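**Student:** Dumping the structure here so I can ask a few things about it.
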Amino acid sequence: MEDSQSILYETLSPLDLSTPSDDPPPSPPPHSEPYTVFRNEISSTDLRCASVEIPAVDFFSLDVNTICGVADELKEAAPKTTTTPAEPCTPPPMQAESTMERGWFSGNSRFRSPMLQLHKEIVEFCDFLSPTPEEQAFRNAAVQSVFDVIKYIWPNCKPEVFGSFKTGLYLPTSDIDVVILGSGIKIPQMGLHALSRALSQRGIAKKIQVIAKARVPIVKFIEKRSGIAFDISFDVHNGPKAAEFIQDILSKWPPLRPLCLILKVFLQQRELNEVYSGGIGSYALLTMLMAVLQSFYDCQASAEQNLGVLLVHFFDIYGRKLNHNDVGVSCTGAGTFFKKSNKGFTNQGKPFLISIEDPQAPENDIGKNSFNYFQIKSAFVMAFTTLTNPKTILSLGPNRSILGTIIRPDPVLTERKGGSNGKVTFNSLLPGAGEPLQTKYGDQQEILCNWQSNYEEESFPRGDGSAQSSGKKRKDASKEKSRKKKKKKETDDLEKQEGGSRKEKGTKKKRWRHNRDHANGYS
């Protein structure tokens, strides 16, 4: 295809949180107060859900290079339209893209479909992260060696694995969580010290650390043969229950696993994945994903399966749109969002904290300890801006990865060989990842987009209704400071001039008196 030919690229569907229905909207419950879910409201009248039922494409088995079959299916599902003989026929690939991608790109892009390319890279990267049979066997052997020590001390206990290793959402560097049930230990700290001594005597663990004063006391160590870290606790029943819940959800919603793995790597590389340091834990992250998918599916005629579209939508919601000061997130029941004050989740000292309802215990807020959410939100905004910036996409060229603009190379990833054959490397999978982004493009590339390329934090009402961005406040404060500094300098200069003139007058007066006295015969 000629470079000069104009191609229409459409990606994200317009956001509409209302379920398409002909029924009148339900009346609000009694004593309910109106509140804003999103910080900026969508008021355009043409933002509606798709009125034509189009079957969702199976992106998980889709070959990006051969999408003609998908185009034919979409063409058959679309309503028949009559065209005049003078109108040129649209090629099937372009029709598929205009159906699957809506509202982002318009120009002479070298990418036929950026979101299809991003989807393909997400699928391949998750396959790269998935454990090989050898790695799985290695972890199973490490678990068995630890279980042998536990059963040696407490023969009637039931050690059980939970967390990411149980659900299959673990990264190559993830630790293994184990809980010991039915040991009969009344004081967990005593059991943890006994286990640490046994592990040391058996010689299967190193860097053993007992954290006895934590809310949930644990013993941390590294299994020597595999180098895998373990966290072991006593009689914590909610861990295995959460693992079962997550396994059930993953089986029902296929996009959850790849999106969760990508976001875990994204947060881990920015040190925003640990709750104790104010980050987002795996359980809270999965709940946030479920809420986004639920709200997104509610306003779609058919379920969106393009992982690129869903990933960008996640960054958009939690980075730019969600009013997290007043609104909490839920993945249970009919509503995705709720007013924080209605559930008692408002923190008067830290109202900016994100509130996430525990799907297994609705009274529990699993986001209350993520005190670093401002930094997390900033990372989400940057990812959204990067993935939706036409200048950035155009500058990548055919040999650089789109996903590599937000996923960096690190020692673990660059040294890893994964994939189905165990030979895929990070550099071959995401070429150009971590390299500086060039935002310049040729004059012949005409870009039309429906968002601001350079995203700037919008100003929104706070309390008294006044709206002023933090950037404007900083500029005003800087101007005021410069004005005061300039005024102070002028005052100092004036005082110096006045002081100099007074000194000069005093010197002249003193000289006049001396001359007068000398003339009168005084020495």
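A Cβ is built for glycine as well, from the same backbone N, Cα and C atoms used for every other residue.
Curation plays no part in TrEMBL annotations; they are all automatic predictions.
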**Student:** Which one of these stretches, 338-362, 413-437, shows up in TrEMBL as region 'Disordered'?
**Tutor:** 413-437
**Student:** Could you tell me what the rest of the chain brings near the region 'Disordered' (413-437), counting residues at least six beyond its ends with Cβ under 8 Å?
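**Tutor:** Residues 121, 124-125, 127-130, 132, 134, 172, 265, 386, 392, 395-396, 399-401, 403-405, 407 contact the region 'Disordered' (413-437) from elsewhere in the chain.
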**Student:** What mean pLDDT does the predicted model reach across the domain 'Poly(A) RNA polymerase mitochondrial-like central palm' (118-246)?
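**Tutor:** Overall, the domain 'Poly(A) RNA polymerase mitochondrial-like central palm' (118-246) comes to a mean pLDDT of 94.
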